[in-house]
Amino acid sequence: MAILQKHGKNSNLDLANLKDNPPDNFGTLGSQKKWAESNSTWTRPLARIWTLVLLLGTCLLYCARVAMPICAVTMADKFKWSKSETGMVLGSFFWGYCFTQVLGGYVSDRVGGEKVLLLSAAAWGAMTAFTPILARLCSQPIVSMTLARFLMGLLQGVHYPSLASLCSQKVVESERGFLMSTVGSGSYLGTLVIGGAGSLMLDLYGWESVFYVTGLLSVLWAYCMWKYLLKGEGPIITLESLGSGGAQSKLSKRHWLRLFKQPAVCAVIITHLCTASTFFTLLSWLPTFFKDTFPDAKGWVFNVIPWFVAIPSSLFSGCLSDHLIGQGFDTAGVRKLMQFFSMGVSSIFTLSLCGTTTFPMAVAFVSATMGLSTFSHSGVSVNVQDLAPSCAGALFGVMNTCGAFTGVIMVYFSGYLIETTGSWASVFALISVVNLLGLGTFLLFAEARRVDIEGTKSKYHNIHI
């Protein structure tokens, strides 16, 4: 393919020399990170235990997050919400999600990601369990549910930045890829679980049961992590601990300005913004689409099959990209190829939903869309580590903040389009246009050379770190 190009073996030798003899530009930062890795990293057996625990935590995170979209149709009927009001409730999550991304990474870098993960999980788990109670206590459920979703976004916004910080502090570089890819698949597993079990609980026991079970399981997970992995140590976060962070968390204003002037960094942010906003829109509105278009269809079918396809698709994309890079193909070309499948090919199936008249075809197109969209984990999501490994966590927080902000707008605007046009075709067309905009930006400007260290720009280009 045109965007794929093999490079010589010298780049691998240069990479080895770079790892063994880091340039002087690293300075104190490089030595402190080496010291931290050699003295405070997990052993391999302990890392495997943490991998499973964090996988389960991410699974429960998405169970709690998707509980509201799963129950949205039933709750809208009960409380007499319009499509716009339903979109406001669903979209309020992303308003809260916007504000704690960078803060979560900042605090985690100073006190430890495991403490932030523990406190946030206990809080959003309790909030999920209390959601039905809040709906009944308030005379205006639309107000209480909008506020509850906003708080859920605030509390869950710290999860991924804290996860990235914890991984950089406790996992050796050679094993970070396995942990992050495995834990990342928890998002699809959680959506799959809540799509199947949640739909059954919704039909058998009512919408309240979905929130009760998910919330209590999340609190139980947080307790088990505190009891057995943290050995009952209190997750105390003090002002003193916040001010005593390591050198790796102190990035100068000049450093960030130089990063944001790089076209490749801007391309990563814009592409992730488009990817996240379209994913959030599909996540929020697909259950309603199937209920409106195929009212007699079983909820567990359309809430399970797409995510069942997404899990192996995500794993396959990671194996494929690593294999291509291992065969000597240009890293930037591989990243672009993965993003082409994620945003370009998936848009074909998204547009195909506009003229779908049968339930099996709709499920097939949605499954293909969601499966292909997971290729972004081997595209733009990894590209940020290619560009700026020294501050990838903080930069990811910035990217996710932008993605969450546009997710708010697209979720609400999609509800407005459905209500005014009476057609789902306008929503699927909007998703496709945003995807193609992000894809075009990525294909034009994306690179894989490091831009966070000035001295390595000319020598170490198109390398995978």
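Backbone N, Cα and C atoms are what each Cβ position is placed from, and that goes for glycine too.
TrEMBL has this to say about the protein:
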- 49-68: transmembrane segment (TRANSMEM)
- 50-450: domain 'Major facilitator superfamily (MFS) profile' (DOMAIN)
- 88-107: transmembrane segment (TRANSMEM)
- 116-135: transmembrane segment (TRANSMEM)
- 147-166: transmembrane segment (TRANSMEM)
- 178-198: transmembrane segment (TRANSMEM)
- 210-230: transmembrane segment (TRANSMEM)
- 264-285: transmembrane segment (TRANSMEM)
- 305-325: transmembrane segment (TRANSMEM)
- 337-353: transmembrane segment (TRANSMEM)
- 392-418: transmembrane segment (TRANSMEM)
- 424-446: transmembrane segment (TRANSMEM)
Item to complete: Answer with yes or no whether the transmembrane segment (49-68) touches the transmembrane segment (305-325) by the criterion of at least three Cβ pairs under 8 A, sequence separation 6 or more.
Response: no
Fill in: Contact check, the transmembrane segment (392-418) vs the transmembrane segment (49-68), 3+ Cβ pairs under 8 Å, seq sep 6+
no
Worksheet item: Are there at least 3 C-beta pairs under 8 angstroms linking the transmembrane segment (88-107) and the transmembrane segment (210-230), leaving out pairs fewer than 6 apart in sequence?
Response: no
Worksheet item: Between the transmembrane segment (424-446) and the transmembrane segment (264-285), are there three or more C-beta pairs closer than 8 Å, counting only pairs 6 or more apart along the chain?
Response: yes
Worksheet entry | Top Cβ-contact partner of the transmembrane segment (116-135) among 88-107, 264-285, 337-353 (pairs under 8 Å) | 88-107
Worksheet entry | Outside the transmembrane segment (264-285), six or more residues from its ends: residues with CB under 8 Å to it | 66, 69, 72, 87, 90-91, 94, 191, 339, 342-343, 366, 369-370, 373, 376, 380-381, 383-384, 387-388, 395, 398-400, 402-404, 406-407, 409-411, 414-415, 418, 427, 430-431, 434-435, 437-439, 441-442, 444-447, 449, 451
Worksheet item: Looking at the stretches 49-68, 178-198, 337-353, which one shares the most CB pairs under 8 Å with the transmembrane segment (147-166)?
Response: 49-68
Worksheet entry | Most Cβ pairs under 8 Å with the transmembrane segment (88-107), selected from 49-68, 178-198, 337-353 | 49-68
